[in-house]
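So that we are looking at the same thing, I have put the structure below in structure tokens.
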Amino acid sequence: MTTSTTPPGQAGELRKDRRPAPDVEDAQRGTNPADAKAGTSAGRQPGSASADAQAGSASAGGQAGLASVDAEAETTPAYRWRWIVLGTVLVAEIMDLVDATIVNIAAPSIRNELGGSTSALQWMLAGYTLAFAIGLISFGRLGDLVGRRRLFVIGAVGFTVASALCGVANSPEMLIGSRVAQGLLGAVMIPQGFAIMKAVFPPHEIGKAFAMFGPVMGLSAVAGPVLAGVLIDADWFGAGWRMIFWINVPIGIVAIAGALRYMPEVKTPGARGLDAAGVILVSLASGLLIYPLVQGRELDWPLWSILMMIASVPAFALFGWRERRSGNPVIDPSLFRSRGYVAGLGVITTFFLAMSGFTLVFNLFTQLGLHYSPLKAGLAMVPFSLGIAIGAPLSGGLLAPRLGRRALQLGIVVMTLAMVGVWFTLRAHGTATTIWDLVPATLFVGIGAGMVFAPLFDIILASIDDQAAGSASGVLTAVQQFGGAIGIAVIGTIFFQLLPAHEFLGAAKTSTLVSVGLFVVSLLVSTLLPARARQGAPAH
């Protein structure tokens, strides 16, 4: 990898100070930022410690070509502005994560003002997540070709503009389109920041730098829903829910300014091209599956919706065929020769499908069924986020090094039992359920989620060779986001399908049991995972 410096006054400094970036595995040995984020966002919801959403996502296609650091480079000075680069990447991450978590809280208020069907409400959430997942597959490698700083700036500018457009949306269609743009541009921005960090930080500091993501992302996950409630209830300037998008504008300007002034340009010589046909096929297959899942219910499941879902199967098969024959595959086909890795994809899909569906239904039920204000609904999510902050270090630092896969499985069990606790709480208190009634169960749902997030990626990646770990991690992150989009579509559809007959309480209880069943499936599939993370790769 070659690096050059664009920031004023730093011409040539990075070439002199820095050598090729450390391999993705080196970054993961410290703390995988993807895991940090994952720990805070399930399908971009709080708790997605795979979240990861992002060191792995950074590598989603960009790891090819990253070189190891040589011994001589250890003695060269580090890039002068590396900590400001870290701050800039953190600002971008906060903007992206907070935006993803606060929309759940704002969804009922948005629908009250803009109108639209329940499927439009689902698209406000699933459109973002699906676009982010597809974008992760493409834009990591694109950064190798055109420059990571350039793409980071493009993504940050685009994300900021899309946020402003969300804030002025006057129809559900405009808001959904702007949300899709946010997802795509977030996928342009996020991977580049992590790749640049791996280029500017020396090996002895990279772990410390990535470790910053855990507390910052955890705090963002806790603050996001509460911030949404505060902004909506405050109704400053009569903006209401629109302020949750407009707040991204000044944050985005800070990220853009930091990138333009302090970020170096990073490219990979000889980087492989982008398989445009593969990207189109996976996008088509995903749309064939998710579109009818969201739209079919309110149209009473017409024949075309069934045919589209059936057609998604050969579309995904065609994508797999294309990848096996492409010289520049979007996803390395050799990854699927590992039973443990394939099992890991199954665990991630079912786990985040269940969790994203649960968080959607929980936020809708507290506001529409229990008539909580947006602020009160945001506060009801705090125990869940705090539980993640407790469970992740408990599992990553204490249990996973000793128990390996069993620590992850224990987390799924804790989460499943806690979800049953949510069901019993709703059954016992009905529409009189208070925040305090929900605290014990939601706290342990979060603890269980954190226990899963921390070791999940490392354990799955133990089934993959070191040289393929970067690409494999990127695929895991994209699948996590895809699972979240499916969860919003499937469990959201079940919730709204049940409303006419069961009212909000019955629909919420049934949807919760569906999530419980999916967690049980995730637990069963987890028995096929490697017994523990590879030695020297502690769980995050």
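Counting starts with 1 at the first residue shown.
Each residue, glycine too, has its Cβ placed from N, Cα and C.
Nobody curates TrEMBL annotations by hand; they come from automatic prediction.
Note that this is a predicted model, so its numbers are computed, not measured.
The region 'Disordered' feature in TrEMBL is assigned to 1-57. According to TrEMBL, the compositional bias 'Basic and acidic residues' annotation covers 13-28. Residues annotated as compositional bias 'Low complexity' in TrEMBL: 47-57. Look at TrEMBL and you will find 85-534 tagged as domain 'Major facilitator superfamily (MFS) profile'. What TrEMBL records for 119-139, 151-170, 176-197, 209-232, 244-262, 274-295, 301-321, 341-365, 377-400, 407-426, 438-462, 474-499 (among others) is transmembrane segment.
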Check for me, if you would, whether the transmembrane segment (377-400) reaches the transmembrane segment (119-139) - at least 3 Cβ pairs under 8 Å, residues 6 or more apart in sequence.
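Stretch pair does not touch.
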Would the transmembrane segment (244-262) count as touching the transmembrane segment (119-139), i.e. at least 3 C-beta pairs under 8 angstroms with sequence separation of 6+?
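Output no: the transmembrane segment (119-139) is apart from the transmembrane segment (244-262).
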Across the domain 'Major facilitator superfamily (MFS) profile' (85-534), what is the average pLDDT of the model, as a whole number?
89
Of the listed stretches 151-170, 176-197, 244-262, 274-295, 438-462, which one has the most C-beta pairs under 8 A with the transmembrane segment (474-499)?
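Selected stretch: 274-295, with the most Cβ pairs under 8 Å.
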Which bits of the chain, at least 6 residues beyond where the transmembrane segment (151-170) starts or stops, bring a Cβ under 8 A of a Cβ in it?
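Result: 92, 95-96, 99, 114, 139, 142-143, 178-179, 181-182, 184-190, 192-193, 196, 239, 242-243, 245-246, 248-249, 252-253, 255-256, 259-260, 263.
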